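Asker: Annotations per TrEMBL:
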COMPBIAS  31-43  compositional bias 'Polar residues'
COMPBIAS  44-56  compositional bias 'Basic and acidic residues'
REGION    31-65  region 'Disordered'
REPEAT    73-106  repeat 'TPR'
SIGNAL    1-21  signal peptide
Amino acid sequence: MTPYKKYLPHLGLTALIIFLAADYFSSPQNSASLNTGKTQSMEEGSHTEGSHKEGSNGEGESLSQEERVRRMAIFHYNEGNKFYKEEEYGEALISYERALRHNERFKEALINLSTAYMKTEVFDKALETLQAGQNQFPQEPLFDYNFACYFSLKGNPGPGLLALQQAVKKGFKQFEQIESDTDLSNLRQSNEYKIWKETLASARAT
């Protein structure tokens, strides 16, 4: 279900595992585990963002609290991407939520969390996450794109098409992804989408 191709996470190896793991186990902000639904193919879904670099090793206690918090957010985000790649979406949810506890304005974590919620069919939380992300980052097209996936999966192609049009207006240009994304299957079957697709193709040709 949910991903910048649609982008499924690029998912590099996490840096600073020894230092950050020690920081992680000393942190009082661990969240409870979540039970989640079925897993689906990694080729499906809405957009997710790729991994972040956490910084260089060997700085130890010289790090400020702000920098520690920032790195912990990135650590959990990259951890979530690793779980997502392995199709362990429940664990990915937990990691993305932990990242957002450290940095509530972590845009990529919000995008990927909405994607993971759609993967596990927790649609109320997916909607809540998308609304929070769009309120914080109104010009980010990936929230609109994931909204389109959300509405399509819920069988509401009308609002889904409006969201997709907004994504394109804001700069989303992955047209092949729009045509192949299984999350958008319901949307692509609508007459309104077919008309818009022809209009868009004509505009791109001029």
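Positions of Cβ are set from backbone N, Cα and C atoms, glycine also.
Note: TrEMBL annotation is automatic and uncurated.
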Asker: What counts of helix, strand and coil residues does DSSP assign across the repeat 'TPR' (73-106)?
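Answerer: Split into helix, strand and coil, the repeat 'TPR' (73-106) gives 27 helix, 0 strand, 7 coil.
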Asker: Any idea what the model's mean pLDDT is for the repeat 'TPR' (73-106)?
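Answerer: For the repeat 'TPR' (73-106), the model's average pLDDT rounds to 97.
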